[in-house]
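Undergrad: Not my notes, these are from TrEMBL:
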ACT_SITE  A:Cys73  active site, proton donor/acceptor
ACT_SITE  A:Cys183  active site, proton donor/acceptor
BINDING   A:Asp10, A:Ser11, A:Tyr42, A:Gly43, A:Asn74, A:Thr75, A:Thr184, A:His185  substrate binding site
Number of protein chains: 2
Amino acid sequence: MDNRPIGFLDSGVGGLTVVRELMRQLPHEEVVYIGDSARAPYGPRPAEQIKDYTWQLVNFLLTKDVKMIVFACNTATAVAWEEVKAKLDIPVLGVILPGASAAIKSSSSGQIGVIGTPMTIASDIYREKILALSPNMSVKSLACPKFVPIVESNQHLSSVAKKAVYESLAPFVGQVDTLVLGCTHYPLLRQIIQNVMGPKVKLIDSGAECVRDISVLLNYFQLNRSREFSDTRYQFYTTASSSSFKAIAEEWLSQSIQVEHVKL
Amino acid sequence: MDNRPIGFLDSGVGGLTVVRELMRQLPHEEVVYIGDSARAPYGPRPAEQIKDYTWQLVNFLLTKDVKMIVFACNTATAVAWEEVKAKLDIPVLGVILPGASAAIKSSSSGQIGVIGTPMTIASDIYREKILALSPNMSVKSLACPKFVPIVESNQHLSSVAKKAVYESLAPFVGQVDTLVLGCTHYPLLRQIIQNVMGPKVKLIDSGAECVRDISVLLNYFQLNRSREFSDTRYQFYTTASSSSFKAIAEEWLSQSIQVEHVKL
């Protein structure tokens, strides 16, 4: 047993989709979340800079005495997960392997689509991981650079969002039976994406898949928090405005939260 | 990626229920299985002896260059898992935590039953793990010493089996909404157990739950075997008669296999 919180990092608010899933599956676990909204999106930045920012987020979480760190960000996972995992002595999880693994299990035609930020798509990491596990799959990738700014500006239900999703996903419609939402911001656009792709396409939420893995690793490393505590604390930090983070987080998590601004 | 086999150990044939589940969920992974049928059942033996036998099985698997070891045996998990896991530098999984965790998620009334060998029940490890995770659960335990000898002698479909299950489980009928099959031999008696307990009781197969965890840990430690190989090799070893092991294994796994006798 280990009653310390789990640390989550993301370039901004997207990782909240993973936290929401954690609250559902493991409601007794405590959370420290840091979102680097001041520097989001990470997607178009050079790899060295993303790695540098990610380490700043990791080091911030370590000051909060977390028992595990979850990269609730595909871009950071693609660029820095292996390095951070190798250097820390607490478990470090990324969202890519759980998503890749779920996509393979979901696809019956072998035609898998992956959408993500420019950096995640340029890294080609989903295709690489999917093909390593299952070489007969066909993986099509597509960068959707408009999606994160839409979500970060709380416009994910707007007509701007609908237009951007319709236009961006046009090349995938009818081409795949499984679509990996390879960015934790994208589940906020899920309904629009499902409408565009059609009801038969299975959407893989890499963050939700990741929470199943968190549960298994908490067991394996014997790090579960006891369910005897009635009180569960969630701490949220952002590098940008706490009020705009709070607005989107409270809507998404359906609860009132405290958010603190932090300078890295 | 790591194309080496996964090692499974059990006191006898019970762990084959875990291998069957592995073949279903991860058909590309190779297996080395060692069953200590000559000294089964482990349940009534003293803890030090079980630990000693378990180390012999572990050391045998290590000579086969396995990438991971699965304790497909609740008794060995209860007695030796933590020690072996701490000493080896490959992942070592037991069946108890996945089973305990699944039982908590399954139970709506909080009334959980656990059946196992005398040693597993005496160790009280399921109750301990379930209550540590979720202190409000009520856990009733019951040793079923007749079950393993019935399965090991390939009598699991006989009227002897039916009688033993009816008599053994009588104290649990109507008392629990979830029953943990806390011994990997017990899924061979599953239909009879379900008939006795009634259709509404959820049976938790600790071995099947364990395979979900194997999949996650293969991802986390990046140990998956590539799915490009069309050929998957299964190696079975037993300390007792290879022909009787082969008979029950082929029936249970629905395929023809090779079994080698080994002296530890």
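Positions of Cβ are set from backbone N, Cα and C atoms, glycine also.
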Undergrad: Around the C-beta of A:Cys73 (active site, proton donor/acceptor), how many further C-beta atoms are within 10 angstroms, looking at every protein chain?
TA: 35
Undergrad: Hey, does DSSP put A:Asp10 (substrate binding site) in a helix, a strand, or just coil?
TA: strand
Undergrad: About how far apart, in whole Å, are the alpha carbons (Cα) of A:Tyr42 (substrate binding site) and A:Cys73 (active site, proton donor/acceptor)?
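TA: Just about 9 Å between their Cα atoms.
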Undergrad: Measuring Cα to Cα across A:Asp10, A:Ser11, A:Tyr42, A:Gly43, A:Asn74, A:Thr75, A:Thr184, A:His185, which the record gives as the substrate binders, how far apart are the two most distant ones in Å?
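TA: Largest Cα to Cα distance for the substrate-binding set is 12 Å.
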Undergrad: What three-state class does DSSP give A:His185 (substrate binding site)?
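TA: In the DSSP reduction, A:His185 (substrate binding site) maps to coil.
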Undergrad: Within 8 Å of the Cβ centroid of the substrate site residues A:Asp10, A:Ser11, A:Tyr42, A:Gly43, A:Asn74, A:Thr75, A:Thr184, A:His185, which other residues of the same chain have their Cβ?
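TA: Neighbours found: A:Gly12, A:Gly14, A:Gly15, A:Ala40, A:Pro41, A:Cys73, A:Ala76, A:Thr117, A:Thr120, A:Val148, A:Cys183.
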Undergrad: Using a 10 Å cut-off, grab the number of neighbouring Cβ atoms around the Cβ of A:His185 (substrate binding site), all chains included.
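TA: A 10 Å sphere around the Cβ of A:His185 (substrate binding site) contains 31 other Cβ atoms.
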Undergrad: Measuring CB to CB from A:Thr75 (substrate binding site), give everything in the same chain under 8 Å that is also at least six residues away in sequence.
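TA: For A:Thr75 (substrate binding site), the qualifying residues are A:Ser11, A:Pro41, A:Tyr42, A:Gly43, A:Ile50, A:Gly116, A:Thr117, A:Met119, A:Thr120, A:Cys183.
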Undergrad: Return the residues near A:Asp10 (substrate binding site) by Cβ distance under 8 Å, restricted to its own chain and a separation of at least 6 in sequence.
TA: A:Leu16, A:Val18, A:Tyr33, A:Ile34, A:Gly35, A:Asp36, A:Ala72, A:Cys73, A:Ala76, A:Thr184
Undergrad: Check the DSSP secondary structure of A:Thr75 (substrate binding site), expressed as helix, strand or coil.
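TA: A:Thr75 (substrate binding site) sits in a helix per DSSP.
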Undergrad: I'd like to know which of these binding-site residues, A:Ser11, A:Asn74, A:Thr184, is least surrounded, judged by other CB atoms within 10 A.
TA: A:Ser11
Undergrad: Suppose we draw a 10 Å sphere around the Cβ of A:Cys183 (active site, proton donor/acceptor). How many other Cβ atoms does it contain, all chains included?
TA: 33
